[in-house]
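As written in Swiss-Prot, here are the features:
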type	residues	note
TOPO_DOM	23-581	topological domain 'Extracellular'
CARBOHYD	Asn39	N-linked glycosylation site
DISULFID	Cys46-Cys95	disulfide bond
DISULFID	Cys137-Cys188	disulfide bond
DOMAIN	251-365	domain 'Ig-like C2-type 3'
DISULFID	Cys276-Cys354	disulfide bond
CARBOHYD	Asn336	N-linked glycosylation site
DOMAIN	368-463	domain 'Ig-like C2-type 4'
DISULFID	Cys399-Cys447	disulfide bond
CARBOHYD	Asn417	N-linked glycosylation site
CARBOHYD	Asn429	N-linked glycosylation site
CARBOHYD	Asn444	N-linked glycosylation site
CARBOHYD	Asn457	N-linked glycosylation site
DISULFID	Cys490-Cys542	disulfide bond
CARBOHYD	Asn512	N-linked glycosylation site
CARBOHYD	Asn524	N-linked glycosylation site
Amino acid sequence: MTARMISIYGLVLASMMASVWASSSRFQRLPQSQSVVENESVKFECESTDSYSELHYDWLHNGHRIAYDKRVHQIGSNLHIEAARRTEDVGSYVCIATNLASGAREASPPAKLSVIYLESASVQLLGSNRNELLLKCHVEGASGDSEPLEIEWYRNSEKLSTWKNVQLDQHRLIIRQPGSDDDGLYRCTASNAAGRVMSKQGYAYQSSVKCLPRLARRKNQKMMESWDKQTFLCRGKRGGAAGLEALPAAPEDLRIVQGPVGQSIIKEGEPTALTCLYELPDELKNQRIQLRWRKDGKLLRQVELGGSAPITGHSFDSGKDALLREDARLVLHKQNGTLSFASIIASDAGQYQCQLQLEGHLPISSTPGVLEVIEQLKFVPQPTSKNLELDAVVAKVHCKAQGTPTPQVQWVRDGENSTLPDQVEVDANGTLIFRNVNSEHRGNYTCLASNTQGQINATVAINVVVTPKFSVPPVGPIETSEQGTVVMHCQAIGDPKPTIQWDKDLKYLSENNTDRERFRFLENGTLEIRNVQVEDEGSYGCTIGNSAGLKREDVQLVVKTTGDGFAPEESGGDGFLVTRAVLITMTVALAYIVLVVGLMLWCRYRRQARKARLNDLSTKEAGGDQPDAAGNGKGSEQEPCLSKQHNGHSKSRSKSSGDAQKSDDTACSQQSRASKKSAHIYEQLALPRSGLSELIQIGRGEFGDVFVGKLKATLVTSPTDKDADTEKQHSNSENGSGGSGSGSTTLSTLNEKRRSKTSMDDIEEIKEEEQEQHNQSALEQLVLVKALNKVKDEQACQEFRRQLDLLRAISHKGVVRLFGLCREKDPHYMVLEYTDWGDLKQFLLATAGKVNTATAGSSSPPPLTTSQVLAVAYQIARGMDAIYRARFTHRDLATRNCVISSEFIVKVSYPALCKDKYSREYHKHRNTLLPIRWLAPECIQEDEYTTKSDIFAYGVVVWELFNQATKLPHEELTNEQVVQRSQAGSLEWSVAEATPDSLREILLSCWVSNPKERPSFSQLGAALSKAMQSVEK
């Protein structure tokens, strides 16, 4: 009872003191609410503006006076808490300033402290029946207001998202109508600023019916080619389901001769192979037998061994594993069972085991082998320079390194092996800690990380700064009489020396925009106003600032007018003058209102007439009715990310918009027309989501997931090939702009284009008309679907619009088509053309024998010949030339972003699977994932993308083609080394060995540092055409 009374008394005392001292002083710095991770330091600042009296500061925690110790202590007026604890330090903090001379007190508003922590997570079953499975992720932890707790669900190792019968609702997972496809172990992860934890024990769900299907067939009856069209009989035992424990053992002559070695130690980046030699009897060669490799108990790779059994790519065990992902590094050889790695990474470490399973029998497993990876020595992340506040109690600079064995981290100053300055130490984790920061701590500090692999270093610059403070703040309000003199003081201290800027009513004041005879700006920051006028009255602000921050104080100036100022008008008694002034003012105001109303009505009439004219033209062009403006407006409101046209390259392409631009409309009408045109464009691209089917996720891109699916053929419009028109316009523009040049130059350019066009027609194996007939006869079109998951990310939305405008503006057989846009609900889908053979990089790896594509009785496809490689390069150059003529840039040209069909037609596309499948080919630079090994130096240094930077990337693409995409450019260098050498201009390029001699010079010119010296795509196309003709001869 006594403790409660004391707590209530403390809160009442704090609230009363907030109004005691308001007239004599106020706070210059108030304590701010904070959220920190547990065991981190906290600092509450508190400072009063009363610099003329002696003040004493106290702190209250939840209404109680704080008992200070080594962990919680007060320095000056500020409160410092070392290693914040959630059990003791959470709550509200109030600063109390006491004037020792008068005894007056003032209390600051309470500041809240929240401690972020994360201990454990567990899966709880809330309900389970035939219609619904309901799970909850219970988390022991807390998050701040700015960063809520993030929950992710996994089935086995597969990350779940809201899809079909799966719904994610905050901490709960709801599966409606669960079936056999939903069997597995469900686990959840929780993450916040304190870290990430996964539930130790998950929930294993198993549907009620579980048995192995068996196919009944007569003797000497051949297996049908399609397994999915057979009828399976599933019989379970009475009283329970049949499981693997009821299966018989495999025949003894089916066995594994040699499994993986007991323990293998491999360096990161080196190749290796795991052995699994097996014996397969002749009488079992026609049976369905699977060879599987497991990592840490989870299925990694599998292949069918039976000679006549079809290769379905699916396992006939009940488990679902997320480790069955596409990875070009891993190859499972069917002949000898060997699992080979092209290059080892740190995540490959684990326990490996191979298995043989005959259908309907227990699997045969080898002895497990352990693969250990010697991780490369590197910084994670790279240490960065930092500004430290002078007199700060504790400041930290982190330096974390990874490698095998664990590296030792140490710090040196100014590149010397001398000891660190006083009050500077290094903790066990390699963090550099500064205590009681002073000016002697300035300098360059180098972090050294070393182990048996060697030593790496990183240098950071430490600068000590002082936050600007008011030594003499402006005090107000100030009252003065007209024609008087006012002096407003404003002096500041800080390091670097702060600058002082005055403003009046939020408008900056300087000697250039004020009366120099009346306004004087003194060197110490004081503002003096002589001969004060009535218009000088207002709010004056003084802002001080340096590299450590900004501060501001306001003061109100009140100008009192003398009684003589209004005496002549009042004593004159001439009311007619006043009446006349009022009448004139009202007449002018009324005329202005009438003018504005008239203009509004006139603009409205013009807009309606123009709208009717545009609708008539749109109806004639489309051959049918178009959605009205109201519908377009509604669509724009549903998608704020696509409500405006942001690409400056898009032009008016219709006759109606061209006529509208030539009209004498006002600026307001032009903006309205542009907005309606943008909405009309996106409405034309609209596709119903119901038209998509069989969506399969193949990876993740920069703004969301990427799928491959099918689109109804009825929703696919016939393509409009603008290649000929674009070439004609380009030729005319070159002739018009090149009037000052020689006629021979123009003639040679036209000849090159004719040769380029003729060569392209020669290598086309399928006519365009035949392709159109094939598309019309097909019931479904294979498409690539890019989802916009990050709707609130402005950068992701901008990139989504850029790609949308790029593919919408181009209609060329060398560039994939944009079929439409699904905007009915989130996430929005961009639907692009896709091919039956997929991306070009996987095709090159398959022809090089790096991807196992062989089926029973067939062999891997042969490598590409030189003429075929030149044909692929020529088609890519034609597609990129179309992008250049449309005044766009690609920014991510590579073989992974091109597609190829079974008719050997190559198109430029934009899958950009930078998050998982091709994550090794991207590097995070300036908080953006970039393909640094394909980028020109100006893109990395200045973030400047032009057609010349696409030509630089095209040279790398040709290098990939002649190397069959079996290795990365400059794979001997790390990503950081590539960035450093590219910025320094020391990254050297060389063409592939198989490159024809006639192309070496022009390909090397693609990589020159000066963009103006690089060739154009038309010149590259002409050179490739000549090379193809010479190879054919």
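In case you wondered, yes, glycine gets a Cβ from its N, Cα and C as well.
This view paints the features noted in Swiss-Prot onto the structure.
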residue: Cys95; record: disulfide bond; Cβ within 10 Å: 27
residue: Cys188; record: disulfide bond; Cβ within 10 Å: 26
residue: Cys354; record: disulfide bond; Cβ within 10 Å: 29
residue: Cys399; record: disulfide bond; Cβ within 10 Å: 24
residue: Asn429; record: N-linked glycosylation site; Cβ within 10 Å: 9
residue: Asn444; record: N-linked glycosylation site; Cβ within 10 Å: 13
residue: Cys447; record: disulfide bond; Cβ within 10 Å: 25
residue: Cys490; record: disulfide bond; Cβ within 10 Å: 25
residue: Asn524; record: N-linked glycosylation site; Cβ within 10 Å: 12
residue: Cys542; record: disulfide bond; Cβ within 10 Å: 24
Just checking the recorded positions Asn39, Cys399, Asn524: which sit within 10 A of Cys490 (disulfide bond), CA to CA?
Asn524
Summed over the domain 'Ig-like C2-type 4' (368-463), the DSSP helix, strand and coil counts are 3 helix, 50 strand, 43 coil
DSSP residue counts for the domain 'Ig-like C2-type 3' (251-365), split into helix, strand and coil
6 helix, 46 strand, 63 coil
Taking the Cα atoms as reference points, how far is Cys46 (disulfide bond) from Cys542 (disulfide bond) in Å?
21
Keeping only the recorded positions of Cys188, Cys276, Cys354, Asn429 whose C-alpha lies within 10 A of that of Asn336 (N-linked glycosylation site) yields Cys276
Residue with minimal Cβ packing [other Cβ atoms within 10 Å] among the glycosylation sites Asn39, Asn336, Asn457, Asn512
Asn512
For Asn457 (N-linked glycosylation site), the close recorded positions (Cα within 10 Å) drawn from Asn429, Cys447, Asn512, Asn524 turn out to be Cys447
Is it possible to get the count of other C-beta atoms within 10 angstroms of the C-beta of Cys276 (disulfide bond)?
26
Can you grab the distance from Asn429 (N-linked glycosylation site) over to Cys399 (disulfide bond)? Cα atoms, rounded to a whole Å.
8
Do me a favour and check the Cα-Cα span between Cys542 (disulfide bond) and Asn524 (N-linked glycosylation site); whole Å is fine.
12
If you draw a 10 Å sphere on the Cβ of Cys46 (disulfide bond), how many other Cβ atoms land inside?
24
Give me the Cα-Cα distance between Cys447 (disulfide bond) and Cys188 (disulfide bond), rounded to a whole Å.
37
For Asn524 (N-linked glycosylation site), the closest of the recorded positions by C-alpha position, picking from Asn39, Cys137, Cys276, Cys354, is Asn39
Could you check which of the recorded positions Asn39, Cys276, Asn444, Asn512 is the closest Cα neighbour of Cys137 (disulfide bond)?
Asn39
Within 10 A of the CB of Cys137 (disulfide bond), the number of other CB atoms across every chain shown is 22
Look up Cys46 (disulfide bond) in the DSSP assignment and reduce it to helix, strand or coil.
coil
In terms of DSSP three-state secondary structure, what is the assignment for Cys490 (disulfide bond)?
coil
